[in-house]
Each structure stands twice: as structure tokens, then as C-alpha cells.
Amino acid sequence: MALRWGICSAGKISHDFTVALRTLPAEQHQVVAVAARELAHAQEFAQKHSIPRAYGSYEELAEDPEIDVVYVGTIHPHHLRVGLLFMNAKKNVLCEKPLAMNLKEVQQMISAARRSDVFLMEAVWTRFFPASLEISRLLSQNAVGQVKLVRADFGAALLGVPRAVQKHLGGGALLDIGIYCIQFVLMVFNGEKPEQIQASGVCLDTGVDEAMVVTLKFSGHRLAVCTCTVAAELPNEALIVGTEGTIKVPAHMWCPTSLLVNGVETQFPVPDPHLPLNFINSTGMRYEAEEVRRCVLAGLKESSRMSHADSALLADIMDEARRQVGVVYSQDSQ
């Protein structure tokens, strides 16, 4: 049975997600509608991707009875409102990361999903890459002994990109790209809550974080260090150090296509796109789409690999890191 997708927002990430879906069998995934705030944008997107229906409002997409799941690709300050719209209309939802602006909003999203009895997942696509599944497999077999230290960094030169630096657009390094480093640590430590969170950072004149370093202390003398910046390109690697070896994730750690396990490299290539992409390795979004289909067909309301609890913990940690650095969004006081 084909999962029928609706695409919410006709922006860059929605383009890449739609291209990624096309790398999967048509009898399993079909994009049947797209909605944008301007009909012309939706129509242009629909034409480019051969999508049968285009809507000039998200409400029309929510009312379309022939949609199984909606992919939400709007900027993150809109995730809560748009997510609630679709879930209240009994639509399953795959929502871009961060799921919402803070823990309070994330909890509202989760409550709405439970109330409407629909599937909801934060689109932390990294977790579903074959390389990430291999990391989890290796760790479950104690391939590097007891993990003592995890390091992850993600930096990109995004100071000229409004959505990365403007507060009302949800800008800031942590929510946009630092989230990948934090989620990586939580993946390694199986969703365990850290005992201590220490964050330091520097802020732009707009009031959002230009760069942040977050240190997480876990039980059993385990540490993690996450570094993110929107001011410059970093090595964008991740490292897991155990008592008996190391796993290195070379660039690009948020969409990994290779692993170095004790110095031995294994490649995990992603498929080629049929249209040009906006972001690197975006066809790897196919893996999260496969997980959504698996869960929806099985009647599951969340994925065990990126659960509601995982999203809540991620938001909780980022809230505390922002509090320490002094990054406050309007959503924090609502």
C-alpha cells in the first residue's frame, strides 16, 4: 500500500524531501498534494515534482481526505501551529526539527498527537541513516567497550541566511544545527537524561546564539561535548570514544555516509537524486520516510528510534542550554 504524503511548505527542505521520496518505490510512497501560503508557490512546486494537487493554504491540505501523512517543512516558529492544525484534522505528521521552539511547545504537540490518536515524529533524519543504525548495533555489542566520551560538532557559515540569525524566524546555532550534535549524544546514550548540563556561548546582536558549546555529564563518569556555530564551517565530525576503541563519523555527521571503526572505514552511500538538491545528502531523508511508513502501517503512534520522549528530552536540554547562554524567544514567555 502506498503511503500518501502531503507536503506543507514549498521551501528548500520540502523540495529535498520530495526528491528523496522519489528514490523509494512508487507503490510505497506517493506525494499527492502540496500546500504553501501562496498558491503560485504551491503550483510551481507541484509542477516541478509532478504532484496532482496544489493548495494556497495549509487548511486546505488539512481538509484533504486523501492524505495519510503530512511532512511539515516550515520554519520552526510555525511548527506548533501548523502541527496542531494537521493533527487536529486527524493527519499523521512528520515534522522537521526542531519539533517546536521549546519543551512546552513540544509537549503540546505530543498531547495533540495522543488526543487525535495520530502518528507524530520529529524529522531527525540522521537517526535513520544506515551508518547511524550501524553505530547503534556496534554499541549494543560493546564494540568499543564502555563509552566514556562523545564529541560532536556542526558549524556552517550561515550569517547571511536570515532564518539562521533572525530571532522571529527561530534563528540561532543551537536550534538549527546544534540539535544534531545533542541528538547524536542522546542516540549514543540511548535517550538517557544527563546529570548535568553546562553551556557557554556568544550571541549575535539579534539576540540569538552565534555559537554554543554544550557539555553534558552522564552517570558513570561519561561526558559529551557538543559545539555549534553559524559563523564558520567546522570539521562537522563526531567521535565516540570507548575503553576499547573508537567510532569516528567523518563529515557530515548529520547525514553520515561513512564510519571509521578503530581506523577501519565503511561506506554507506545515499542514492543519487533525480533533481538538484539544496542540501548535501538530502536523498538520505528517504530513511526517515521509510520509518514513518513502517510505523503507520503497523498502527504505531511514535517511532521507538525517535520517540516522543526523545523529542522532549532534546527540547529540555536545549531549553536549559539557552537559559544559561541567555537566548530567549517570544515563545518562551507564552
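Backbone N, Cα and C atoms are what each Cβ position is placed from, and that goes for glycine too.
According to DSSP, Tyr71 (site 'May play an important role in coenzyme binding') is assigned to a strand segment. Counting only same-chain residues six or more apart in sequence, the Cβ atoms lying under 8 angstroms from the Cβ of Tyr71 (site 'May play an important role in coenzyme binding') belong to Trp5, Gly6, Ile7, Cys8, Ser14, Phe17, Leu94, Glu96, Ala123. Annotated site 'May play an important role in coenzyme binding' per Swiss-Prot: Tyr71 (among others), in sequence order, evidence recorded as similarity to another entry.
His79 (site 'May play an important role in coenzyme binding') falls within a helical segment according to DSSP. All chains included, 26 other C-beta atoms sit within 10 angstroms of the C-beta of His79 (site 'May play an important role in coenzyme binding'). What Swiss-Prot records for His79 (among others) is site 'May play an important role in coenzyme binding', and it gives similarity to another entry as the kind of evidence.
The site 'May play an important role in coenzyme binding' feature in Swiss-Prot is assigned to Lys97 (among others); the stated evidence is similarity to another entry. Under the three-state DSSP scheme, Lys97 (site 'May play an important role in coenzyme binding') falls in the coil class.
Of all Cβ atoms in the shown protein chains, 23 besides its own fall within 10 Å of the Cβ of Tyr180 (site 'May play an important role in catalytic activity'). Look at Swiss-Prot and you will find Tyr180 tagged as site 'May play an important role in catalytic activity', backed by similarity to another entry.
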Can you tell me how many other Cβ atoms are located within 10 Å of the Cβ belonging to Lys97 (site 'May play an important role in coenzyme binding')? 22
